[in-house]
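Report on the structure given below.
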């Protein structure tokens, strides 16, 4: 598999983990005013992969990644929403799909979600484990104009946050691709041997705006699984 990962890196971009420290965003308090807005390029997505790393003591539901489109009923175009200790909801075009997952433990969690609008195939990976695949009802693409928020759940385009859905903890390595990332590269993301840069949004090179009292910690290191 190592050879496949190196081949992927040559064409799609990545760097060896450990060469530089990680940028971590710390969400220190329960509030409806602290969040991060990601600013990817605007284009239509027929496929998507979202990968992120999170670390929290929360034992209640919370929003990690919220992608909304403009218009009625499009606030949960893609939502990653854990229900600790052992459930998570992935929403696609406001269809909530629930997964039973391994119980939460107090460690960094790696989460990847992939979706293909042509087939409706939805895949959830957590800490290297692929959970039973699902098929969504929607076959509509995502975009082109989207709002992407970390740490809050959008009930309208770009806002209408609920304090009871807020994330408290740390987040890092949020990357988005405009295709379904192959399993060998998802496993590489979990292994931390390589950091794969998203071609739609890259944590290391993407634009973002911090709102509220979020603390940016640079040159940090995240323990391996």
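Backbone N, Cα and C atoms are what each Cβ position is placed from, and that goes for glycine too.
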_Co-listed Ca(2+) 2-binding residue [Swiss-Prot; alongside 153, 155] among 145, 165_ = 165
_I need the least crowded one of these binding-site residues (75, 153, 155), counting other C-beta atoms within 10 angstroms of each C-beta._
155
*When you average the Cβ positions of 75, 76, 153, 154, 155 for the Ca(2+) 1 site, which other residues in that chain have a Cβ within 8 Å of that mean position?*
66, 68, 79, 156, 160
_For the Ca(2+) 2 site built from 153, 155, 165, further residues of that chain with CB within 8 A of the site's CB center_ = 63, 66, 75, 152, 154, 160, 161, 162
*Which entry in the list of binding-site residues, 76, 154, 165, has its Cβ near the fewest other Cβ atoms, using 10 Å as the limit?*
165
*Give the three-state DSSP assignment (helix, strand or coil) for residue 165 (Ca(2+) 2 binding site).*
helix
*Grab the pLDDT values for the domain 'Pentraxin (PTX)' (21-223) and give me their mean, rounded.*
95
